[in-house]
Amino acid sequence: MPGLTIGDTLPNIKAESTHGKIKLHDYIGDSWAIVFSHPGDFTPVCTTELGKMAEYAMQFQERGVKLVGLSCDDVQSHLEYIKDIEALSICGRKVEFPILADPTREIIEQLNMVDPDMKDSSGNPVPSRALHIVGPDKKVKLSFLYPATTGRNMDEVLRVLESMQMASKKKIATPANWKPGEPVVITPSVSQEEAKKMFPQGYKTMDLPSKKEYLRFTTV
């Protein structure tokens with residue numbers, strides 16, 4: 001079956017975690033959330049990823065985002081593994097987000113987070129590096145799916161999160177290579193009259209060969 005994609009509702013998974021038993025929807029509440037899987041505890045790339053996620057946790061928290069990790073290891077393995085992650089942190093950050101345990105592989109199969117090309121020592125496929133950004137409505141707003149061999153970039157996760165949160169409040173979109181603080185574009189559905197009211201700070205309409213006034217930059 002296909003994995004989660006944009007617009008899908010995140011299943012209300014119940015699982016043991018490093019924070020005890022968790023029902024996902026209750027844990028997320030009315031917040032945004034990032035749900036991400038890693039192939040396995042005590043592996044090199046995963047250690048760097050979870051360490052970076054811990055380092056960025058405060059920035060996510062400031063934006064009203066809750067973090068949830070997941071792998072097929074059991075809770076005791078996660079708790080021992082966290083010691084390694086924290087020992088390598090250059091900022092002294094603690095892993096304060098829960099990591100779900102899925103030793104039976106039911107969750108990764110339900111979410112189709114399996115990487116068929118990578119297997120553990122027992123020959124079982126391991127989870128892919130999946131990451132879903134979920135809105136307060138429990139619907140998936142963005143999905144990243146990386147192979148087990150490639151670590152994720154937390155700056156990019158933060159960038160797209162800021163883009164989506166802004167777009168959820170204003171009728172804007174972010175252009176290619178956009179970074180927080182840079183100009184954004186007004187969505188085409190907004191008329192010129194509406195744009196003047198919505199963006200009193202002003203905006204710049206690009207003069208294009210087509211003479212269509214669809215590319216309008218503004219600041220927010």
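A Cβ is built for glycine as well, from the same backbone N, Cα and C atoms used for every other residue.
Predicted automatically and left uncurated, TrEMBL annotations should be read as such.
Going by TrEMBL, these are the annotated features:
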- Cys46: active site, cysteine sulfenic acid (-SOH) intermediate (ACT_SITE)
- 4-166: domain 'Thioredoxin' (DOMAIN)
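Annotation for Cys46 (active site, cysteine sulfenic acid (-SOH) intermediate): spatial neighbours His38, Pro39, Gly40, Ser71, criterion Cβ-Cβ under 8 Å with sequence separation of six or more.
According to DSSP, the residue listed as 'active site, cysteine sulfenic acid (-SOH) intermediate' is assigned to a helical segment.
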